[in-house]
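Data block below; observations after.
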Amino acid sequence: MAPAPDLLPLAAARPPDGAPPGPDAPDDPSAPAVRERLTAFADASPLTVLRRLESSAKGLDEREAERRLPRDGARPLVPGAVRRAAAHLARLARTATDPFVLVLAGLSLVSAVTGDPRGAVLIALVAVLSCLLRFRQEHRSDLAAARLRALTTATATVLRRAEPGAAPAAREVPVDQVVAGDVVLLGPGDMAPADLRLLSSSDLRVNQAAFTGESPPAGKRAAWTGTGGAPAGERPGLFERRELCLMGTSVVGGTGTAVAVATGSRTYFGATHRDLPRRAPATTFDRGVRAVSWALLGAVLAAVPVVFALNGIDRGSWSHALLFAVSTAVAITPEMLPLVVTTALARGAAVLARGHVLARRLPAVHNLGAMDTLCTDKTGTLTLDRITLACHVDPLGDPDAGVLYWARVNALWSAELAPEAAGDTIDEALLAADGAAGDPYEDVRGVGAVPFDSARRRATVVVRPRDRLGCEVVVTKGAVEDVLELCERVRLPGGTAPLGAGERDRLRALADGRAADGIRLLAVATAERPPSGRGPGPADERGLTLLGFVGFHDEPDPSAAGALAGLARLGVRHVIVTGDHPLAARRTCRDAGRVPGRTVLGAELAALDDGALRDLVAAADPATTLIFARVDPRAKARIVAALQRAGRTVGFLGDGVNDAPALRAADVGISVTGAVDLARESADVILLRKDLRALERAITGGRRTFGAGVTYIKIAVTSNVGNVASMLAASALLPFMPLLPLQVLAQNLVFDLSQLSLAYDRVDRAGLAGPRTFDVRDLARFVAFFGLIGAVFDLATFGLLWWALQGYGDGPREALFHTGWFAENLLTQAVAILLLRGRGRRRGSPRPARPVVLAAVALSLTGLLLPFSPLGAAIGLRPLPAGLLPVLAAVLAGYALATVLMRRLYLRLFRRWL
Ligand SMILES: Nc1ncnc2c1ncn2[C@@H]1O[C@H](COP(=O)(O)OP(=O)(O)OP(=O)(O)O)[C@@H](O)[C@H]1O
Ligand SMILES: [Mg+2]
């Protein structure tokens, strides 16, 4: 096998000053120490590095790797027990500093100071209980999420020998089993599994954006620059060192081999980031919640001073008035919101997992529900990526064995010289094709390769024919338009001829014709040159002569048509974003049962500014599929961003290295299990089976989860706002407080617990018909309509209670009034949950789930029975006289009837429910 191009003659290695540390050297985990160590590794020659790490270019043997594992590999950034304890503490701190808990703690303190120890203890209990509930739920969802993530961990390819003398073989191992001294093979889409010192490379480019924030990839070379002697101030930074690929960076193009010099917590990444900073943009749902929270905060700020003043002025006890005002503030806030949302999300993720869809991040479930546009690539998503050779033709379109021969030379030596980039389905199809003349393995010897990557859309090898001394052949194959640009001549049956403009047009038309038939056409071109003595670079692809074309079949995925039809029914628009030919994309689109719409080329895209691109995507016809063809990876991400600017919630489904930037930019990045590591690591959701129909169920699942959250918020805010409004009115009308502060809190707690059940409810089918949005105006309308009914019936209750309790003395009357209103509140709340959760059985809402029914029953029983218990007595409730029950029943019936009527009116007016 030919030597790898950038590999330094190892014998020339000279150990520089400041030799790098050996494998068993003690390590200082601080960032400066790590930087120092890595610099020493970069300064040293490859041979020195390998020697220091007691390894060789052939890799470690399995026994040695195993010996190093406990010390070196499988090392999480922080030991497991410490990490778990830290996570618990952090979670506890988070729940304990929740604003609601802080308010309760403050209230408890005020009660203690104002001489109400019983109140203080009760309030503290409420705070602790809510803390524990939330802690447990978050812990469980974190565990579930970690389990799901573990199913999709990345692997690395290392060279290992079965035993010390044996030949090395490439082996896939989980990233956490890579040890210092392991020789790692890098290809497009791989993530650096450790801090690596390159041993050889070919046109290697690495994305370091996670550290440097710069998106253009950085070129890397194994060449030893020997900067060891330079003064410290003039040394390049770690990321400018071309010899190093640091953990957390990923390969976007080219190939390389490298030795792992540091793993886990000893890496630069480990020293600087204890936790991977994954950008988690706010979901549509989060943005809605934030808007609601601000509105409620405004309501609290407006209500509290009024309540305080009314109760203080009227009744003289300012400390009591303060307590009451703060309790009112607590009553208005939907404290259970985070808990309900995480519970619903965890449930949603579990349901998705049953349908073989993994949510790597919980909030992605919401975005699945909100997604209104799905971008997909073509190859491997809409097609099966089962590529077979269809034709090999000369520039006139006639069958020609010579073209196939050179295409195979290119495929074989690409795979041979850059094995890390192997696995390309086009190359595999070429190698599997038989019937070609000559044996590229015997006739020529590879000198160097510039492997395929999506931005260049071509692959080049340089070979030396064995029968012709003093001659090298550059062989390029790739996308027709791109290769034609590089050609100066064309080989025709009579000999070669210069490639004029007319001839170029003819060749392009020939390629278009094939593409429209669904054939994937690659151009093949060669150039002869005297041996140059160095490896090839993109600059060598010059003065080529076009030999002809090789064409491939790629079967359409039979599940695609059904899946895309399903998406259309769900109201999700479809966009194709592909690196392939525009006509091939249109053909695939038609094969998948969709009408191809406007088709935009990568070159056109580059000429548009962001605003124009946004207008273009906004103007696309929703009934057709918008197509972007011949786009490179960065343009894919740009298209996603443009759709987002046009107000869409965008999903991106892709499996290639060229999809990674778009997967990250999308609201939901979706990938499949077979995808390259980089694509899977960039995605939020993974389809465990390669069946697009799973996506339809996942979207419905996302909408359910979104719907459950919205239902909770609507019901909670409606009843809280209605309740506080009547509390305000009562403060002004009554000679005493309508409820004692403790009673307000107790009532609030039971409300919240009962509303928790909504996370388990069945969702109104109408909520699944289209992408979910969170419309704050719609929420405000809902609250105004139904909160009003609540307040009206509260006031009716006040009047009736006032009238019914005439015969009692001042003290008992006040206590009974409190009890009556307390009971009535809980009963109406139970009715509200059952009636507001959907548009009604007759209009197609499903029956409430059992937890919801149980919650409603428990709520009613608490309202009726708590006054008879010691706990009720402790918060100042008295047993209700039997005579009051008919009064309560009448109000309740009135409330239920009014709500049903209002629901009908509301639906007629606004034609939508939750
Ligand atoms: N191994 C290869 N050698 C040479 N050229 C190739 C090779 N593989 C692909 N190409 C060319 O590069 C183009 C772009 O490939 P890329 O992988 O970016 O996208 P794609 O796989 O065609 O499409 P999609 O984005 O839908 O997955 C291909 O259409 C083809 O013309
Ligand atoms: Mg692809």
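From the backbone N, Cα and C atoms, a Cβ is placed for every residue, glycine too.
Predicted automatically and left uncurated, TrEMBL annotations should be read as such.
Taken from TrEMBL, the feature compositional bias 'Low complexity' covers 1-16.
Annotated domain 'Cation-transporting P-type ATPase N-terminal' per TrEMBL: 40-116, in sequence order.
Residues or ranges marked as region 'Disordered' in TrEMBL: 1-35 (among others).
According to TrEMBL, the region 'Disordered' annotation covers 211-231 (among others).
The transmembrane segment annotation in TrEMBL covers 288-310 (among others). Same-chain residues lying 6 or more positions outside the transmembrane segment (288-310) and placing a CB less than 8 Å from one of its CB atoms are 282, 321-322, 324-326, 328-329, 332-334, 337, 341, 709-710, 713, 717, 721, 724, 727-728, 731-732, 773-776, 779-780.
Nonlocal intrachain contacts for the transmembrane segment (322-346), taken as residues 6+ away from its ends with a CB within less than 8 angstroms of a stretch CB, comprise 98-100, 103-104, 106-107, 110-111, 114, 130, 133-134, 137-138, 140-141, 144-145, 285, 289, 296, 299-300, 303-305, 307-308, 311-312, 362-363, 365-366, 705, 708-709, 712-713, 716-717, 720-721, 723-724, 727-728, 737, 740-742, 744-745, 747-748, 752-753, 755-756, 758-760. Under the heading transmembrane segment, TrEMBL lists 322-346 (among others).
The feature transmembrane segment is assigned by TrEMBL to 782-803 (among others).
If you look up TrEMBL, you'll see 815-836 (among others) marked as transmembrane segment. Panel annotation: around the transmembrane segment (815-836), residues 711, 714-715, 718-719, 723, 734, 736, 738-740, 743, 747, 750-751, 754-755, 757-758, 786, 790, 793-794, 797-798, 801-802, 805, 808, 848, 852-853, 855-857, 859-860, 862-864, 866-867, 872, 876-881, 884, 887-888, 891-892, 895-896, 899-900, 903 of the same chain, lying at least six beyond its termini, place a Cβ under 8 Å from a Cβ of the stretch.
The feature transmembrane segment is assigned by TrEMBL to 848-868 (among others). Cβ atoms under 8 Å from those of the transmembrane segment (848-868) belong to residues 750-751, 753-758, 760-762, 819, 822-827, 829-831, 833-834, 837, 877-880 of the same chain, restricted to positions at least 6 beyond its ends.
Residues of the same chain lying 6 or more positions beyond the ends of the transmembrane segment (880-902) and with a Cβ under 8 Å from any Cβ of it are 785-786, 789-790, 792-793, 796-797, 800-801, 804, 816, 819-820, 823-824, 827-828, 831-832, 835-836, 840, 867. TrEMBL lists 880-902 (among others) with the feature transmembrane segment.
The DSSP breakdown of the domain 'Cation-transporting P-type ATPase N-terminal' (40-116) into helical (H, G, I), extended (E, B) and coil residues amounts to 54 helix, 2 strand, 21 coil.
Model confidence over the domain 'Cation-transporting P-type ATPase N-terminal' (40-116) is summarised by a mean pLDDT of 78.
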